[in-house]
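Enquirer: After the structure tokens below, expect a handful of questions from me.
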């Protein structure tokens with residue numbers, strides 16, 4: 001028996017001819033809450049409240065551009081035939097790894113120009129970035145994307161999910177695994193872990209590197225469940241390769257900075 005389930009409307013409201021999508025609203029909300037958290041911790045760490053406001057004004061647009069460019073590059077076979085869709089980011093298609101590249105490069109340049117420690121900024125921003133990612137995945141939910149393989153409704157009900165999530169996972173006559181939810185929950189858990197680790201007084205830069213490891217671990221396993229992965233080869237998922245590289249590099253950098261002998265400031269030091 002075929003079911004008739006209407007998906008949630010991806011458009012929040014209209015401003016004349018302009019459609020405002022939930023995808024953009026949710027990503028914007030994640031960015032604002034992340035900024036609030038960073039400003040609050042930055043002030044506690046002796047930084048002016050405008051430090052992160054100014055940084056975000058540069059980092060967000062650059063991160064979005066890099067996230068889109070990353071996605072388009074690895075889907076060039078499609079976009080070369082549909083160039084008019086390259087700018088249609090409201091329909092999805094922002095790669096988190098691309099966004100991180102843009103954000104990190106912006107942070108490095110910003111820190112150098114302002115005479116600040118990049119590692120200090122990165123540590124403070126780490127929980128905020130992960131919070132933004134956790135919230136942003138719900139934009140994928142509204143667009144019915146970033147899901148996993150086909151499953152039964154009973155499978156989703158056994159996860160004790162609310163009906164609005166189960167129904168939104170009904171796409172073209174089939175239910176799918178809510179991998180967006182798995183990653184969102186993993187990221188929310190990571191935010192709590194990072195906030196607790198701030199009290200451990202790690203060496204400067206280690207909180208950010210732990211964020212990289214945490215996110216990459218979750219992304220590696222969850223990516224294996226997805227059906228819309230960007231592929232490097234027929235059987236090789238780009239996000240999984242990048243995740244492994246990031247885990248190894250972050251762990252190696254932590255070890256190198258701890259054992260090279262030079263004194264490195266602690267997180268709690270101004």
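Here, residue 1 is simply the first one shown, and the rest follow in order.
Placement of Cβ uses the backbone N, Cα and C atoms for every residue, glycine included.
According to Swiss-Prot, the transmembrane segment annotation covers 18-38, 55-75, 89-109, 115-135, 177-197, 205-225, 236-256.
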Enquirer: Which one of these stretches, 55-75, 89-109, 115-135, 177-197, 205-225, has the most C-beta pairs shorter than 8 Å to the transmembrane segment (18-38)?
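Expert: Top-ranked stretch among 55-75, 89-109, 115-135, 177-197, 205-225: 115-135.
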Enquirer: Under 8 Å between C-beta atoms and at least six residues away from its ends: which parts of the chain pack against the transmembrane segment (177-197)?
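Expert: The answer is 126-127, 130-131, 133-135, 137-138, 140-141, 145-149, 151, 155-156, 159, 161, 165, 169, 207, 210-211, 214-215, 218-219, 222, 225-226.
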Enquirer: So what's near the transmembrane segment (205-225) in sequence-distant terms, Cβ-Cβ under 8 Å and 6+ beyond its ends?
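Expert: For the transmembrane segment (205-225), the far contacts come to 96, 119, 122-123, 125-127, 129-130, 133, 148-149, 177, 179, 182-183, 186-187, 190, 193-194, 197-198, 237, 239-240, 242-244, 246-247, 249-251, 253-254, 257, 264, 267.
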Enquirer: So which residues does the transmembrane segment (55-75) touch in its own chain, when a touch means Cβ under 8 Å and the partner is 6 or more beyond its ends?
Expert: 31, 35, 38, 86, 89, 93-103, 105-107, 110, 121, 230-232, 238
